[in-house]
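Copied over from Swiss-Prot:
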type	residues	note
TRANSIT	1-55	transit peptide
MOD_RES	K89	N6-succinyllysine
MOD_RES	K146	N6-succinyllysine
MOD_RES	K205	N6-succinyllysine
MOD_RES	S283	phosphoserine
Amino acid sequence: MSLLRSLRLCLVARTGSCPLSALGPGPLLPSLQAGLPLLQSPQQWHTFHSGSWLSSASSKELLMKLRRKTGYSFINCKKALETCGGDLKQAESWLHKQAQKEGWSKAARLHGRKTKEGLIGLLQEGDTTVLVEVNCETDFVSRNLKFQQLVQQVALGTLLHCQNLKDQLSTYSKGFLNSSELSELPAGPEREGSLKDQLALAIGKLGENMILKRAAWVKVPAGFYVGSYVHGAMHSPSLHNLVLGKYGALVICETSELKANLADLGRRLGQHVVGMAPLSVGSLDDEPGGEAETKMLSQPYLLDPSITLGQYVQPHGVSVVDFVRFECGEGEDAADAE
């Protein structure tokens, strides 16, 4: 075959058609004699290989909807829809299961790495208040929205756990959950599995070791009030009454009547607990100095050191009965020293 004829045949292969006369003399392939292109167009090839469910606008909308809802990549969302025959609910479940597998695998590889950073989360609803701590490796990840959503899920899980405790209160109740207990709590009505499954998902997405460190909860009846404070506070983007930060405190007060300024008073008491780190409440009769320096009521008041906290509280007609203080990452330095 001549060079010119070969080049003409290549031209046919690229364009899909050409006048038969342009090929010059000589025998032609049967497909060319019938006037058919040698190759299908690129668009036809793409449609054939992409799966029939992607050929309609509604299917592409499904892909976009799954992407927006889950946050996973287009490639993974497309694979999920293909695997599940275009069923959106099944595709979402499939994605979460795959991500969980990857997360558990990554968690096993990262286990043991130090988690000194993270966030404290404080959530109040009705007569219930919870304080949680979730740790990660770097401050950079603690500022990531996905990590903050994990803290939110842990706070909500703890709140639901506390609200499900059917006890008749004559006084306040307070409880703590360690890492293991916290991990086993249900993830919530809109989430599958437990909080440890949500932890695995977050580890898979963010690539750092993380732990659900601890939680505290307080329930109060009438006649009690819980003051709260979070240092460096920022509000959750999707849950207005969840506050995030590096330090958090709850202060339980008993009061004979509901006062208009209780919220401000509770915040100031929480600030004192965060700043002065008392170890116990103490009493109004404690003398300042010595061991009393660790007792809340005999400590110099944080915002006015000329008086004790007890002297500040007394005119307001409330009694401080208990408190909880969380500092993000506390205990890690001591563990390193050991």
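Backbone N, Cα and C define each Cβ position, glycine as well.
Comparing Cα positions, S283 (phosphoserine) lies closest to K146 out of the modified residues K89, K146, K205. It is K89, among the modified residues K89, K205, whose Cβ has the fewest other Cβ atoms within 10 Å in the structure shown.
Annotated pair K146 (N6-succinyllysine) and K89 (N6-succinyllysine), C-alpha to C-alpha distance, rounded: 22 Å.
Between the CA atoms of K89 (N6-succinyllysine) and K205 (N6-succinyllysine) there is a gap of 21 Å.
S283 (phosphoserine) falls outside any helix or strand according to DSSP and counts as coil.
Counting Cβ atoms from all protein chains shown, K146 (N6-succinyllysine) has 12 others lying within 10 Å of its own Cβ.
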